[in-house]
Amino acid sequence: MGDSKKYITAEELKKHNKIDDLWISVQGKIYNVTDWIKQHPGGDIPILNLAGQEATDAFIAFHPGTAWKHLDNFFTGYYLQDYEVSEVSKDYRKLCVDFAKAGLFEKKGHGVMYSFCFIGFLLCLTFYGVLFSNSFLIHMLSGGLLGLTWMQISYLGHDSGHYLIMTNKGFNKMVQIMSGNCLTGISIAWWKWTHNAHHVACNSLDYDPDLQHLPVFAVSSSLFKSLNSTFYGRELTFDSLAKFFVSYQHFTFYPIICVSRVNLFVQTLLLLFSKRKVPDRFLNILGIMVFWTWFPLLVFALPNWTERVLFVLTSFAVTGIQHVQFCLNHFAADVYVGQPKGNDWFEKQTAGTIDIDCSPQMDWFFGGLQFQLEHHLFPRLPRCQLRKISPIVQELCKKHNLSYRSLSFFEANRWTIRTLKTAAMQARGLLWEAVNTHG
């Protein structure tokens, strides 16, 4: 008896890669998610980035087991012809199953409660230092504590964006708005929009927004070609101004990072007041209003403008350590140009990430994100489990001859500056060539 299943080829699947005609393959079954993309909790960008492709590994990474039952609603009746699973993907999927059976995705430990207590303690110290002390040194120390508080809040918000840290989705959303919008001034809606795209298109120069920092930074000379950002829907123009900034980026990296929080505030406002569909727009705007009420009041409680400016700069500089860490995880890793592919998920994550080696006593400081590869492979895994699975991931990388890079914080900084300097020297050559041509 012959096979009664209906098949389409990978080439035919690729034709369904538009927002109004969007198909994907999961475990060889073809699904039409054209209408679902408008309701997808993770936004439209992740699905669009994998449109017209086999996307099983990405689906497994981002969705709990309960999501599988919903796929049948979108089944087209077609199967992918010549569907094959690579040895790497087989091992990756087996790990996902093993971790799920062991309950690792559900075992969150007491980290959330510890984080709440620590954040509350830091905030109390910050407010006490500003409101009840006349010492300049205490005021600056309070600014540093506020920066450290923002770091810890960001880690908590990051956790809540990847998995439920509370008892239900309602409380989880409340924590997201409180931790992101109200306490840091950075919208959780903006974070989800950019972060989900980053995870799916890790280190793609034209798809990953976390590598699109022109005119101030460029991690690769490929950005000198003024690539089109599919995320922002505009050209990443590499003009004379960008050439100048990039030519000195290995010197300006740390100073700019110290005030980079300003850019996050601006990006938040641009999204919330844009025409783009923003989930819970009102709540996000309300949360931002809360931040821009208490933060200026705290700053103006200081006695003079000198202390106010230095307090803000100190808080920004300390939380800038976290921004540096995010750059260390990706700037010096492998990059590529083009759409992410669903059939090399594991390989792309290993190529585009760098872990930061630290002692267990420092896990709180890095928020679990020092295990960047582990987090990218298993984004729903609570941070308290990442150190446990690290040896398993290393063994899998070794088995398939894939890179696993784990550097000390100092060494990762050195790699990052070296990457920026390499691109800077290439840009400087173009800059001097332009000066000599027009000069």
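Keep in mind that glycine also has a Cβ here, set from the backbone N, Cα and C atoms.
Because the structure is a prediction, the values reported are computed rather than measured.
These come from TrEMBL:
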- 5-89: domain 'Cytochrome b5 heme-binding' (DOMAIN)
- 111-130: transmembrane segment (TRANSMEM)
- 136-153: transmembrane segment (TRANSMEM)
- 174-191: transmembrane segment (TRANSMEM)
- 253-273: transmembrane segment (TRANSMEM)
- 285-305: transmembrane segment (TRANSMEM)
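Taking every recorded stretch in 136-153, 174-191, 253-273 and counting its Cβ pairs under 8 Å to the transmembrane segment (111-130), the highest total belongs to 136-153. For the transmembrane segment (174-191), the residues of the chain that approach it from at least six positions outside its boundaries are 149-150, 153-154, 156-158, 160-161, 165-166, 264-265, 267-268, 271-272, 278-281, 283-284, 286-288, 290-292, 295, judged by C-beta separation under 8 angstroms. Per-residue pLDDT, averaged across the domain 'Cytochrome b5 heme-binding' (5-89), gives 92.
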